[in-house]
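Per TrEMBL, the features are as follows:
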- A:40-89: domain 'NADH-Ubiquinone oxidoreductase (complex I) chain 5 N-terminal' (DOMAIN)
- A:105-379: domain 'NADH:quinone oxidoreductase/Mrp antiporter transmembrane' (DOMAIN)
- A:392-572: domain 'NADH dehydrogenase subunit 5 C-terminal' (DOMAIN)
- A:56-76: transmembrane segment (TRANSMEM)
- A:150-170: transmembrane segment (TRANSMEM)
- A:176-193: transmembrane segment (TRANSMEM)
- A:244-264: transmembrane segment (TRANSMEM)
- A:271-289: transmembrane segment (TRANSMEM)
- A:295-317: transmembrane segment (TRANSMEM)
- A:338-359: transmembrane segment (TRANSMEM)
- A:379-398: transmembrane segment (TRANSMEM)
- A:419-443: transmembrane segment (TRANSMEM)
- A:455-475: transmembrane segment (TRANSMEM)
- A:487-508: transmembrane segment (TRANSMEM)
- A:557-573: transmembrane segment (TRANSMEM)
Amino acid sequence: MVSMYLSSMLFLLSGSLSCLVLSLLCLKSGQAWFIEWELLSLNSSSIVMTLILDWMSFMFLGFVMFISSMVLYYSGEYMHGDSNMNRFMYLVLAFVMSMGFLIISPNLISILLGWDGLGLVSYALVIYYQNEKSANAGMLTALSNRVGDVAILLAISLFFSCGGWNFLFYVENMPIIGSGGLLCGLVVLAAMTKSAQIPFSAWLPAAMAAPTPVSALVHSSTLVTAGVYLLIRFSPALEGRLSQTVLLLLSSLTMFMAGLGANFEYDLKKIIALSTLSQLGVMMSILSLGYADLAFFHLLAHALFKALLFMCAGAVIHSVKDYQDIRMMGGLVYHMPLTGMCMNLANLALCGTPFLAGFYSKDMILEVAFMSPINLVSFLLYALATGLTVCYTMRLVYYSLSGDFNLGNLYSISDEGKIMTNPMMGLSVGAVFGGATLAWLIFPCPYMICMSPVFKMLALIVSVIGGVLGYLLNLNAVNYNLNSLKYYNSVVFSGSMWFMPFLSTYGASKNFLGSGETYQSVGDMGWSEYYGGQGIYSFIMSSSKILQVFQDNSMKIYMLSFLLWVIVLVFVVV
Amino acid sequence: MSFLQTEVICHSRKVCSLYKRALRNLESWYDRRPMYRYRAVLLRARFDENKDVKDLRVAQQLLDDGEKELFSLIQYQPKKFPLSPGGVAYEREVRAPDWVLDYWHPWEKAFYPDYFAKREQRKKEYVEWWEKTYGKPAEQGH
């Protein structure tokens, strides 16, 4: 019998190849298919099921399917022996289906199905392991994404005034729509939750509680890019809006915060998650400068090498028996040369090393951003974040690959079997050639870059400084005094993502839970109970008792009422 | 204190506990073994300096100061063993023991009548097999 991981891989790989070929055809001919079924027409607003099949959706779909196929094949060994392996496979396939649905939907209602499907399946994948940590992470993930779902729902209700939900028809004319500003704000909010921008960043590193193949697919290259993809489709509507300016500031801050946090993080997967967050910030910021094509280019190139990086991290974690702490690793390049090579490749691509996948997109983004009229804060954040990316990458290389062997126990560490290394090799090809190929395909005419030599060299200079610092800061003498202890507060602040996980959980729920408790003690169990349930009960009881006395046919009552009537009549007569 | 203290903990035990936690904290900060050993020796020297203090008021003060110092320098991401409480792989796969099924409510069992009927039958067969193989258990006196 063919294993499920193998059949899924073949199915997705064939789908991926078909999509990529169709994408090339669309690119070449400039065609796009728009398929529409009208389901219901209500008050001149038609509810239609719409699919858009253009080069962009085909290409993104092809990449998603390619990465999913590699990840599913990889899972065949990574998840081997797991008691719920089939459930895992079905969940990943459901995730790919939701993602596909989102990619080919140009309609806000049908996009919600894919969007919500992603939220639901990602929750199920984060809580795949049954421990408390996963439950907490899953809840944080689901609730953070729920904010975005609500924003989409509100946007749907606002779109009603346009007479349809096919946003592709309206994005060009958004300025003349009355509630256009609010609508753009809501879509940007939704995208920010899915792409984990500040202040919704806490869920992405927390979601690393999921199995590593899930992180490779969901939390690096597909789910988190859904927000970027939505904004790419919406980008014409955002031009000149307040939401665009806010997005630029928040995405630049996210980029910087994640880069800084990764330099103080010790969990291997969380370092990579923070690096994803940083790259998402890059995509969002260039998008908010109005270059949607560059954001899409970086989205695809980043997906290739980030999935590879996660796969290598998974191989390392598998090998060192579930340790994820980089302090417990080191010298792995001698024991796992193939994984080390792939990991270095992905790391170098991430840093934007010339001619690897990240170089083409990242370098172009930086140069275009430096040419744009951005403010000084955003410019500084861009430059610092670029340096920090190389810094944490070199730190990671030192700790896990080239530094001293630091593992507590000497397990038999070696490169895993072929089922794990083959997909890594497949993605390595993508990490090397993906950027150049995409650049040739997406940009037939090169971007005109015109800037002073200082600006031209800036990206290179900050990268070199970052890399040297990242490596040298970790080469310490035996009697070295840790500077981290001298600047303890700053280190804890940076290493805890500016306390965002704390603020997103305790900070967000404290006041509501507190007011709920007050309401319960004062209202439900206080005044409302005293005058409501108990008060009405005692009033009816005492009234019934009085009525009972009247109904007992007592002689005294007759005499009393006779007397009362006599008094009344006497007063009336007199 | 996250647990209910049911015994008096003597001063020396508190000092030992502080020492162990301080060592673990150092291990989390100084992640290279030689660096950690160097710091551990210095820490041991600091504890040894005051090992002969007889005045318990002074000793208590030293302990309080030590606790405060440790709290002020605690690692924000302490090293954890993956399978220990707080570790990344702790309780990933929870397998409910078989006897949990015996504690299902009859209404819950009624959802799966065939399964539970077969289960009761198997239990009976198992007891029979046991008694046949090892004999009946001795009567328990009250």
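Including glycine, each Cβ sits where the backbone N, Cα and C put it.
When DSSP labels each residue, the domain 'NADH-Ubiquinone oxidoreductase (complex I) chain 5 N-terminal' (A:40-89) comes out as 29 helix, 12 strand, 9 coil, counted as helix, strand and coil in that order.
Counting same-chain residues at least six beyond the ends of the transmembrane segment (A:56-76), those with a Cβ under 8 angstroms from any Cβ of the stretch are 3, 5-6, 8-13, 15-20, 22-23, 26, 85, 88-89, 92-93, 96, 99-100, 103-104, 211, 213, 216-217, 221-222, 229, 232, 296, 299-300, 303-304, 307, 311, 314, 419-420, 422-424, 426-427, 430. Sequence-distant contacts of the transmembrane segment (A:419-443), counting only residues of its own chain at least 6 positions beyond either end whose CB sits under 8 Å from a CB of the stretch, comprise 5, 24, 27, 66-67, 70-71, 73-74, 76-78, 293, 296-297, 300-301, 304-305, 307-308, 311-312, 314-315, 318, 338-339, 341-342, 345-346, 349, 355-361, 364.
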